[in-house]
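Asker: TrEMBL lists these features:
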type: DOMAIN; residues: 90-425; note: domain 'FAD/NAD(P)-binding'
type: DISULFID; residues: C127-C132; note: disulfide bond
type: BINDING; residues: K136, G202, T231, G232, S233, D410, M416, L417, A418, H419; note: FAD binding site
type: BINDING; residues: G268, S269, G270, Y271, I272, G273, L274, E275, E291, G364; note: NAD(+) binding site
type: DOMAIN; residues: 444-555; note: domain 'Pyridine nucleotide-disulphide oxidoreductase dimerisation'
type: ACT_SITE; residues: H546; note: active site, proton acceptor
Amino acid sequence: MQSSVTLSLYQPAAASTIPKSNYTVNHSLPFSPSKPINLRFCGLRREAFSGFSSLSRSQPLQSKIHSNKINSAISASLSDNGSAPKSFDYDLVIIGAGVGGHGAALHAVEKGLKTAIIEGDVIGGTCVNRGCVPSKALLAVSGRMRELQNEHHMKALGLQVAAAGYDRQGVADHANNLATKIRNNLTNSMKALGVDILTGVGSIMGPHKVRYGKLDSPGNIVTAKDIIIATGSVPFVPKGIEVDGKTVITSDHALKLESVPDWIAIVGSGYIGLEFSDVYTALGSEVTFIEALDQLMPGFDPEIGKLAQRVLINPRKIDYHTGVFATKITPAKNGKPVTIELIDAKTKEPKDTLEVDAALIATGRAPFTDGLGLDSVHVERKRGFVPVDERMRVLDFKGDPVPHLYCIGDANGKMMLAHAASAQGISVIEQITGRDHVLNHLSIPAACFTHPEISMVGLTEPQAREKAEKEGFEVSVSKTSFKANTKALAENEGEGLAKLIYRPDNGEILGVHIFGLHAADLIHEASNAIALGTRIQDIKFAVHAHPTLSEVIDELFKSAKVKAHASGPVSEPVAV
């Protein structure tokens with residue numbers, strides 16, 4: 001699901017004094033600027049899942065630290081957080097503590113930058129609190145329910161299971177508890193590494209200046225050599241739709257699972273809509289999709305989408321209306337159901353009126369960038385997005401980079417995924433610490449956590465063929481089925497397909513799409529190959545353990561037909 005932090009950022013009030021850290025340096029902690037901490041480059045890093053424990057395992061706190069003082073010692077003034085130049089309070093200030101801001105902050109500390117992060121809502125942003133994390137908890141439940149309810153599947157494995165049931169509040173608590181745990185771990189990881197967490201809404205006051213604090217207070221001003229905007233996005237609700245949070249809801253409300261309606265309409269059949277259809281149908285709801293385009297799952301490779309519809313839509317209690325807009329949705333009131341007025345997407349003529357128990361608005365995300373104070377640096381937003389170049393540098397109204405100002409994640413609109421935001425943040429830190437870096441967005445994978453899962457990286461087949469026609473090269477496609485994989489058959493999960501789109505003249509991987517068991521885990525071999533520029537004729541020699549699902553990808557690469565003695569260079573990484 002889509003990512004990033006959702007903050008309430010408003011135009012700043014008059015600023016007051018520069019804050020001083022409330023924390024003290026404890027030189028007996030196991031951090032040293034001369035020995036930077038080795039952090040892994042991922043969206044939610046290892047430290048986020050282990051709190052302080054991973055640090056203590058690698059190098060225990062010295063015995064001089066008394067147990068009743070540990071919490072105050074692990075603080076925002078650790079020596080490993082660097083020392084800002086005398087002219088600035090910080091080397092780096094990040095507005096927004098979602099996955100993107102968190103990833104940037106941890107990498108900044110590794111590079112020796114004195115770092116602060118401003119958060120006006122809760123640490124973890126949308127991903128941790130209202131997106132990726134709690135949705136996976138719900139999907140874990142739906143996957144188990146679906147398996148237990150599949151009598152044929154159980155019988156094929158020799159298992160006999162009584163009728164499966166669930167406790168709605170217990171399911172909701174599982175999702176909420178997971179979000180709380182990850183949020184606390186992210187907070188602890190930043191504190192342990194010496195990142196100052198400044199509470200309040202943030203806005204830019206001018207070059208190198210950021211204001212933070214409560215909306216009804218003067219706030220505080222901090223200065224930084226570099227500033228990163230990482231304020232994320234919020235659910236997009238089209239005009240004419242009245243959201244009451246009970247019967248007409250967004251993903252923010254749905255993740256609380258306050259009810260499981262008998263019949264729910266889902267407006268939009270992208271990642272969010274598909275995942276929630278998986279949850280609701282497993283828990284007993286009937287689902288109706290409302291899609292503006294002529295086909296369901298319009299963002300997926302057409303062949304993968306067709307197979308996914310056959311498995312994820314057709315056999316389940318799901319019907320759909322395509323090529324229609326929901327122009328008006330009225331919540332249930334006074335015993336009346338939710339009403340949805342549909343019109344033809346092309347002719348705009350009235351098409352139908354639906355009456356359902358609830359409606360979920362899954363029409364995408366909108367950048368949350370209001371009140372950032374961008375006017376103070378002559379920046380004009382485009383449809384709410386902050387304009388950036390390929391290096392995530394914010395552009396002013398003339399199209400020139402604003403010195404020392406960057407924007408990552410959903411707020412810039414390049415790729416609205418949590419791990420993309422983190423990767424962009426890491427790329428920015430590389431640049432401001434002296435190493436030029438351009439992120440290849442075509443190497444960033446995406447996944448939809450239905451049962452089975454869908455994953456993809458790079459171009460779809462139509463996109464690849466369009467590119468080939470313009471640039472004058474040939475495109476080939478190879479496929480392999482999960483039905484030929486031993487591990488998938490052992491799990492009785494042979495339904496699935498992997499598809500490789502490539503250049504036969506030089507072995508360049510243009511795109512990989514997977515539908516099947518653990519597709520979200522399998523895609524990374526392909527995404528890393530694209531990121532590193534590895535060609536098919538080289539990756540064919542990689543060895544995969546047997547029997548594993550990874551052999552699906554092994555067979556996929558081995559089945560590709562690259563021309564003999566192909567030596568043409570792989571295209572340079574593309575900055576999208």
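Glycine too: its Cβ is placed from the backbone N, Cα and C atoms.
TrEMBL: automatically predicted annotations, no manual curation.
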Asker: Of all the binding-site residues given, G268, G270, which residue's CB has the most CB neighbours within 10 A?
Answerer: G268
Asker: Can you tell me the mean pLDDT for the domain 'FAD/NAD(P)-binding' (90-425)?
Answerer: 96
Asker: Ranking the recorded positions C127, M416, A418 by other Cβ atoms within 10 Å, which is at the bottom?
Answerer: M416
Asker: List, in sequence order, those recorded positions among C127, I272, L274 whose Cα sits within 10 Å of the Cα of M416 (FAD binding site).
Answerer: none
Asker: What subset of the recorded positions G268, G270, L274, E291, H546 lies within 10 angstroms of C127 (disulfide bond) at the C-alpha level?
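Answerer: Hits: none.
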Asker: What is the biggest Cα to Cα gap, in Å, among G268, S269, G270, Y271, I272, G273, L274, E275, E291, G364, the residues listed as binding NAD(+)?
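Answerer: Looking at G268, S269, G270, Y271, I272, G273, L274, E275, E291, G364 as a set, their Cα atoms extend up to 15 Å apart.
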Asker: Cβ within 8 Å of the NAD(+) site's Cβ centroid: which residues qualify beyond G268, S269, G270, Y271, I272, G273, L274, E275, E291, G364?
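Answerer: Leaving out the recorded residues gives I266, F276, M297, A362.
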Asker: I need the nearest neighbour of S233 (FAD binding site) among the recorded positions C132, G268, H546, using C-alpha distances.
Answerer: C132
Asker: Using a 10 Å radius around each Cβ and all protein chains in view, which of these binding-site residues has the most neighbours: T231, S233?
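Answerer: Top count of Cβ atoms within 10 Å goes to T231.
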Asker: I need the CA-to-CA distance for E291 (NAD(+) binding site) versus H546 (active site, proton acceptor), whole Å please.
Answerer: 42
Asker: Out of T231, G268, G270, L274, A418, H546, give those recorded positions positioned within 10 angstroms of C132 (disulfide bond), comparing C-alpha atoms, in sequence order.
Answerer: A418
